[in-house]
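Data block below; observations after.
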Amino acid sequence: MKNKILEFLRQSRDFVSGEDISSSLGISRTAVWKYIRALKEEGYEIEAVSKKGYRLVNRPDILTYSEIKDYLLTEYMGRKIFYYNSVTSTNIIAKELAENGLEEGTVIIAEEQTLGKGRMGRKWSTPNGEAIAMTIILRPEISPFMAPSITPILAVSAVEALRKLTGFDVKIKWPNDIVLDSKKLCGILTEMNSDMDMINYIIVGMGLNVNQENFDDEIKEVAVSLKSFSGINFKRKIIIAEILNEFEKNYEIFKVKGISEFLDKLKEYSVLLGKRVKVISINNSFEGEAIDIDKDGSLIVKKDNGEITKVLSGDVSVRGMYGYI
Ligand code: BTN
């Protein structure tokens, strides 16, 4: 009902009387007033003038479906959004919702995460209202072996969305980071629940630094936001919608044609190719030069002894030799 009242106010540039709203929606005027108060608490600026009614003056940059849908061109990605002020981790919530059968394309978004998860057991910080923390539920009918490729598919989609919206030279740091100005702008965490030959669901979480001005001491050398890079405040809802628009297109292509269809883009956007890297996995680590991306999406590294090796994305971390890249 709150959303219906919001739509009502959005449709009209002028005042709408409480009477009109209550009779059109079949609720009492006291109920209208309560919903208006709830909208104000969410940050909507609504002018109330006696004998005239209510007028929507300003909309907040919040990440509800009502706010994002104006920019969405998708058929199913983001058509159901669960929006929270504060959660432990959108990946944790997504997992619970996926277990309960929520459909493909459902997106979980939070203003703040208190237990945000990074790859390899690391933490991910999402300060209130400044960044994007979202997780998408997917149920592709593909082999579980193809699941790790969802990460680069989302990375390509985000790079294309961000280049289009900002014009900044954002790139991909294989396997799961998006980079701006040689620092980390965005991380992706893909998790899967599957049987041997069938995926039950995949949840793919993305943390994107948008309007943070400062970062904690321990990450400030390696982290960047769109605002810390440019001084410009960005509308997060537009960024989310554009990423989902790109992702739905790319995901549909990927399911039919596989990751090899994205090879050219992965190479074009890669920040690692031609660079010296250190590959760190649970059992060993080695150094070499990142020379190519294979048609299955893995990174090809030439070790210092000349040996050429393929690095699968799994549990590896790739570092540049001179800092983050
Ligand atoms: C990484 O770079 O290590 C991955 C970071 C992934 C962070 C996102 S924020 C939304 C989603 N919820 C989480 O708890 N993690 C992912």
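Cβ atoms here come from the backbone N, Cα and C positions, even for glycine.
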Stretch carrying DNA-binding region according to TrEMBL (options 18-37, 218-237, 278-297): 18-37
Conformational class of S89 (biotin binding site) under the three-state DSSP mapping: coil
The DNA-binding region (18-37): DSSP-derived helix, strand, coil residue counts: 17 helix, 0 strand, 3 coil
Distant-in-sequence Cβ neighbours of T90 (biotin binding site), under 8 Å, six or more positions away: Y84, I108, I109, A110, Q113, A133, M134, T135, G205
Site extent for biotin, whole Å (max Cα pair distance, S89, T90, N91, Q113, K184): 20
Binding-site residues close to ligand 1 - of S89, T90, K184, only those whose C-beta is under 6 Å away: S89, T90
Cβ neighbour count (within 10 Å, all chains shown) around Q113 (biotin binding site): 26
